[in-house]
Each structure stands twice: as C-alpha cells, then as structure tokens.
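S.K.: Let me begin by handing over the structure; questions about it come next.
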Amino acid sequence: LEAVSHASDTHYGYGDSAAKEIGGDVLKHAEMVHTGLKEYKDVDKXGPVAKELSGLPSGPSAGSGPPPSALFAQIHQGESITHALKHVADDEKTHKNPADKAQSGPVRXGPKPFSASKPGISPSPKPVTKKWRXENXENVSNLVIDDTELKSVNSTLQIKXXINSISVDNYKVPXISINKXDGRHIYLSKNSLDCEIVSAKSSEMNVLIPTEGGDFNEFPVPEQXKXIWNGQK
C-alpha cells in the first residue's frame with residue numbers, strides 16, 4: 001500500500017508540471033486523473049485489504065459451522081445417537097396406507113429397451129418376372145425354387161456374393177458366366193454339353209462331364225491364357 005501511495009504522489013508531481021507546460025485540454029484530463037486517484041486513496045484507506053494489514057477485524061465469515069470437536073463428539077456417541085430420532089406412528093407410514101401412496105401419483109417407467117427384429121427367412125423365393133430372388137437365407141440347406149414353368153426359354157438366374165451350391169434341372173444351359181469365383185465345380189448334364197463357359201478373375205474351377213456309367217470325368221478350366229500375334233490379330 002505504501003508503494004502504491006508513493007507512486008500515485010509521484011504521478012501527481014509529473015502530471016502537474018506537464019499540464020502547466022502544455023496547457024489546453026491536457027489540464028482537463030489531468031484534473032480527471034487527480035480525481036480518480038483521490039477516490040482510490042479514500043477507498044484504499046477503509047477497504048478490506050487495509051483492514052487486514054492494519055490488524056483490524058474484517059467481520060465474521062458467513063455460514064460458519066460448528067467446531068470440528070462438536071462433530072466428532074456426535075460421531076463417538078455410538079448407538080445412543082439414535083435416541084434423538086422421533087418415533088413414526090403406523091398411520092403416518094406410507095407403505096401401510098395405500099391411499100396415501102395412490103395420492104402421490106403414478107410412477108413413470110422408463111422407455112423399454114429396443115430389440116431389433118431378426119431378418120426373416122424366405123424358404124421359397126418368389127419369382128420376379130423371369131428372375132428369381134433369394135434373400136435373407138441363413139443356415140437353410142433345403143432352399144428350393146419350385147415356382148417355375150417347364151421348358152423355360154431365355155431365362156436368367158443371377159447369383160451374387162457367396163453360395164455353397166446350386167442345381168438347375170430340366171434346363172438346357174446355353175452359357176455359364178462366372179466372375180470372381182474360387183473353387184467351383186460345374187456339373188453338366190448330357191443335354192448341356194454344348195454350353196459355353198465364360199470365366200473372369202476366377203481360380204480352381206473344374207467342369208465335370210457325365211459318362212455312360214453314370215460317373216463324371218473332371219476337366220480343369222485353365223486359369224491362364226496364351227495369346228500369339230499372327231501379324232493381323
């Protein structure tokens with residue numbers, strides 16, 4: 001506080017000398033500064049900081065609780081601390097008076113947990129025009145497409161993603177297209193020996209041709225092709 005007071009007195013001296021030399025509006029500003037410093041000094045002399053430094057009491061602190069010794073004395077009472085509790089009669093108890101419990105209003109239950117429904121399984125896919133659609137099938141070993149017509153012509157059966165096996169009966173297959181497949185076995189009947197097999201980005205493919213005895217002869221499909229330029233193509 002003494003340092004602040006000394007600095008303000010020094011500013012008074014320099015401010016007065018500068019104001020006299022310059023004059024004009026500077027005198028008005030100097031008077032405003034002097035007034036502000038005077039008010040600061042008046043407040044500083046009677047403020048809480050000055051009282052603390054001078055040793056004067058600054059007033060009791062609000063909300064002061066009982067001393068810690070009284071709290072520990074209550075804790076060490078043990079079972080006798082319950083003697084101060086008031087006895088509650090039966091007619092004042094809520095669980096023995098259903099009427100009072102009903103007046104308190106219904107208890108709101110929280111939202112029920114959401115349970116996602118599992119996708120259904122369509123054991124018999126329905127045809128869409130000339131295409132059959134099988135979806136949401138899991139662990140189904142007897143998936144059969146039976147809603148068909150005999151002697152179908154210009155029909156297309158397209159299968160995407162993974163599949164274990166597929167059988168096509170009573171159809172003459174003119175072409176089989178396989179793309180991005182690994183480990184495929186194609187069984188051809190006697191009526192489909194003239195079909196064309198087109199494969200791309202596939203490996204481990206075998207074509208099985210029926211024999212007179214009912215068995216099949218296995219022929220691998222080449223995974224690599226050799227191209228030779230003959231001068232024109």
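The backbone N, Cα and C atoms fix where each Cβ goes, and this holds for glycine too.
What Swiss-Prot shows for this protein is this:
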- 53-64: compositional bias 'Low complexity' (COMPBIAS)
- Lys151: SUMO1 cross-link (CROSSLNK)
- 173-221: domain 'C-CAP/cofactor C-like' (DOMAIN)
- Tyr14: phosphotyrosine (MOD_RES)
- Ser17: phosphoserine (MOD_RES)
- Lys101: N6-methyllysine (MOD_RES)
- Ser104: phosphoserine (MOD_RES)
- Ser115: phosphoserine (MOD_RES)
- Ser122: phosphoserine (MOD_RES)
- Ser124: phosphoserine (MOD_RES)
- 43-71: region 'Disordered' (REGION)
- 91-129: region 'Disordered' (REGION)
S.K.: Mind tallying the domain 'C-CAP/cofactor C-like' (173-221) by DSSP state, helix then strand then coil?
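M.R.: Tallied per class, the domain 'C-CAP/cofactor C-like' (173-221) gives 3 helix, 29 strand, 17 coil.
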S.K.: Any idea what the model's mean pLDDT is for the domain 'C-CAP/cofactor C-like' (173-221)?
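M.R.: Looking only at the domain 'C-CAP/cofactor C-like' (173-221), pLDDT averages out to 87.
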